[in-house]
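Taken straight from Swiss-Prot:
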type: BINDING; residues: G615, P616, N617, M618, A619, G620, K621, S622; note: ATP binding site
Amino acid sequence: MKLTPMMRQYFEIKENYKDCILFFRLGDFYEMFFEDAETAARELELVLTGRDCGLEKRAPMCGIPFHASNSYIGRLVAKGYKVAICEQVEDPKFAKGIVKRDVIKVITPGTYTDSSFVEETKNNYIMTIYADLERNRCSLAITDISTGDFLATEGELEKGVILDEISKFNPKEIILLDSLDQELIKDITLTTPALISRKPIEYFEENFEEVLNNQFGEKSNSLSLMVKKSSNALVKYILDTQKISLTNINDIEVYSLVDFMTIDLSSRRNLELTENLREKSKKGSLLWVLDKTETSMGSRMLRRWIEEPLVNKEKITLRLNAVEELFNDLSLNDSLKEALHDIYDIERILGKISNKNANAKDLIALKTSIGKIPNVKGIIENCTSSLLKNYHHNLDDLRDIYDLLEKSIKEDPSLTLKDGDLIKDGFNGEIDELRLAKTNGKDWISSLENREREFTGIKSLKVGFNKVFGYYIEISKANYSSIPEGRYIRKQTLANAERFITPELKEIEEKLLGASEKLCSLEYDIFLDIRNEVENHIDRLKTTAKIIAELDCISNLAFVALENDFIKPEINEDGETKIENGRHPVVEKVIPKGEFIPNDTIINKDDNQLLIITGPNMAGKSTYMRQVAIITLMCQIGSFVPASKANISVVDKIFTRIGASDDLAGGKSTFMVEMWEVSNILKNATENSLVLLDEVGRGTSTYDGLSIAWSVIEYICKNKNLRCKTLFATHYHELTKLEGEIHGVRNYSVAVKEVDNNIIFLRKIIEGGADQSYGIEVAKLAGIPDEVINRAKEILETLEMESSKDNLDLALKEVNASKEDIEEASITTSYEVKETLVEEDKIEIKEEVISKASEAKTHKKEDDQIQLDFSAIGKDNLIKELSEVDILSLNPMEAMNRLYALVKEAKNLI
């Protein structure tokens with residue numbers, strides 16, 4: 001059997017869109033066949049039927065009404081499918097044989113612009129990634145076709161670089177060079193939910209000069225070769241899917257990776273910049289606190305500012321000064337916010353115009369928005385800060401476009417472009433004449449109705465209209481006998497009435513319908529002319545939209561600063577950050593007002609380079625560390641900060657290692673993920689970076705974890721190429737020994753108060769290390785049953801005693817084995833231990849194994865815990881440690897523990 005002509009046409013079209021679900025237009029429906037039908041029926045919950053296609057088996061089929069297609073398309077795209085829209089491209093009335101059909105658009109997650117599915121305050125990005133494998137370089141191009149943003153960059157071909165940019169832009173779709181390393185492709189796939197397509201190298205490299213010149217003109221000439229190739233693939237993909245060149249994409253913003261603060265994927269999540277960790281929603285994020293913008297454009301711009309903090313001091317200062325000016329003039333800023341409030345999303349209206357799907361209501365929204373600009377410009381006319389002065393100078397009031405739309409488009413136009421009722425009276429003479437003819441015709445119909453009622457005496461007689469029969473005279477059957485013979489021609493019989501026509505009625509009908517059809521067609525053509533004229537000024541409109549968005553951000557930051565008691569930070573590049581009474585802007589927003597406990601911070605490249613923070617869980621260590629990072633980031637987007645005073649040193653990167661999470665899909669345990677994150681930090685941080693490390697080493701055994709944490713601290717502080725500012729929270733109290741041993745390490749802890757065997761977290765960061773972890777008390781606060789709490793205390797006491805006894809037993813063995821070594825060291829006796837008692841076990845300590853110490857002075861008080869040296873510091877350091885032991889301050893148990901540690905250290909040096 002042979003395929004039917006229509007199915008042959010279907011397969012010919014489908015052959016070019018194998019990766020899409022093909023919506024095949026048949027009359028008033030989009031039909032899907034074969035595998036597409038099965039997929040669509042499953043995903044959209046449609047009834048799967050069949051259709052004769054010329055094969056032995058019927059073709060699986062399902063369909064949707066074309067007028068309701070948007071919701072179905074949106075659901076498929078949201079699930080990661082591509083949808084190819086195949087339309088009838090000729091009028092079936094004039095078709096000879098099968099109606100011509102062709103795909104007019106391919107809708108994908110990255111190119112879908114329907115306002116019902118694209119969030120107003122988020123960009124809908126699509127990204128291409130190209131690589132020169134020989135030179136180990138990569139380039140990325142990113143666009144949002146709904147706004148016209150088009151960005152590009154290049155850098156080293158490193159996984160971290162690519163994943164950081166993906167996490168920053170969060171694209172809905174990514175087009176990859178298919179020769180990229182398979183491990184990198186796997187990492188990208190695991191990092192993002194974006195729809196990923198792979199293209200051959202030719203897609204990136206062929207015809208790039210021609211393609212880019214057609215899209216951007218001479219602006220593309222200055223681009224680097226790498227950027228040209230990634231941009232080429234992106235422009236091609238837009239042309240392949242949209243089937244037209246989008247005029248709102250008319251410029252490329254090339255940025256350098258060093259122009260903005262680097263924040264990796266893990267840090268973006270941990271700091272909850274734009275969404276919270278739990279629900280992945282905006283509420284509870286920094287953006288939630290900061291975003292009180294008046295426009296969708298401003299909200300998207302603010303999101304981008306948060307994702308891309310500045311690192312240039314001068315640019316940061318420009319924003320801060322502009323925010324300060326509006327902050328200091330409440331009345332001015334209130335007026336500005338009010339003026340911005342009624343401005344619609346100009347960027348996305350321009351996207352619709354560029355994509356040829358803007359209707360008359362979109363143009364009215366554009367006109368309304370343009371009409372607000374003179375007021376906005378007037379409000380900031382006398383501003384003195386450089387940024388606001390520049391906005392005023394460059395803000396185009398677009399008066400010519402406003403005047404065109406004001407005199408041409410009706411205030412409440414039809415939603416459907418081909419139904420007329422779009423153009424104002426007086427704009428076009430021919431339209432006015434056709435409307436007059438249409439109005440006169442309706443008057444004539446009304447006159448005819450009255451005349452026939454009088455002639456027949458039938459008061460219920462009426463003249464009606466429908467699209468099938470046109471105009472008719474309707475008379476009820478009850479009055480049928482009153483109809484004069486031969487006056488009317490019967491047209492239709494109803495249950496309770498008869499419908500008639502007359503030659504005169506059909507004549508006026510022809511004139512009326514002709515005028516209506518011609519009027520609708522003429523209005524449509526004139527509307528397209530007006531829309532095209534607006535499109536000719538898309539450069540000016542885009543520039544104005546960007547200024548409005550930035551102005552909205554500045555005004556918003558001033559408003560939020562006033563609302564939340566933020567202050568203007570000072571900014572420096574000398575490496576020291578000082579924060580007085582700093583607060584976490586999100587946490588203080590979600591707890592009762594006035595309950596947040598502020599904290600000070602001093603961190604620099606010298607004596608306060610690495611802050612070791614100890615204290616119990618739930619005491620506020622993680623909140624404190626995050627707040628330092630967020631205050632720094634807020635400053636670098638140009639925002640005021642939650643503190644009473646702040647002097648922030650510009651950082652180039654923020655890294656965080658906070659929280660625990662498995663990477664099951666990637667085959668990595670919690671500890672492996674933690675080590676990977678630490679490795680990434682140590683490799684990529686610089687002396688100008690800010691690093692937050694929380695509980696490094698907790699995912700393994702105690703001594704392994706302690707060893708790793710200790711070594712990481714040493715590496716950060718002693719590596720001349722690193723020495724980054726670091727906040728290091730830990731439960732390893734042994735690490736507090738490093739203050740004084742390693743330059744730059746300082747101990748801090750979270751204050752805790754004990755009242756009647758209960759603990760109270762004071763949330764205050766104080767100098768000095770914590771003396772215990774309070775883990776059982778935290779468990780009690782969390783609601784663990786008393787029976788479990790009491791048993792935990794018993795077990796803890798037992799473990800502590802066993803641990804102490806084991807240490808003493810080991811000490812005895814080590815000391816007996818090393819007696820001669822100790823005596824040869826010429827160490828004099830300074831303290832004698834007679835005996836000690838551990839529960840029921842009595843352990844006698846002989847005089848010959850008593851610890852001896854040198855006569856050197858005591859420098860500092862010693863911690864009462866074992867000092868474990870994992871770095872083999874050498875004989876000089878051992879002698880120094882011995883000289884610093886204050887034997888008189890130690891009890892017998894502590895003395896033995898101390899002796900054991902020193903002997904073990906001495907043996908390692910042999």
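Cβ atoms here come from the backbone N, Cα and C positions, even for glycine.
Note that the coordinates shown come from a computational prediction; the quantities given were computed from them, not determined experimentally.
Everything Swiss-Prot records as a feature, shown here on the structure.
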residue: G615; record: ATP binding site; Cβ contacts under 8 Å, 6 or more apart: K621, S749, V750, A751, V752, A770
residue: G620; record: ATP binding site; Cβ contacts under 8 Å, 6 or more apart: I597, V750, F761, R763, I765
residue: S622; record: ATP binding site; Cβ contacts under 8 Å, 6 or more apart: I658, D694, A729
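K621 (ATP binding site) falls within a helical segment according to DSSP. The number of other CB atoms found within 10 A of the CB of A619 (ATP binding site), across every protein chain shown, is 26.
Look at the Cβ of each of the binding-site residues P616, N617, M618, K621 and count the other Cβ atoms within 10 Å; the largest number goes with K621. For the ATP site, the Cβ centre of G615, P616, N617, M618, A619, G620, K621, S622 serves as reference, and the other residues of the chain with Cβ at most 8 Å from it are A729, V750, F761.
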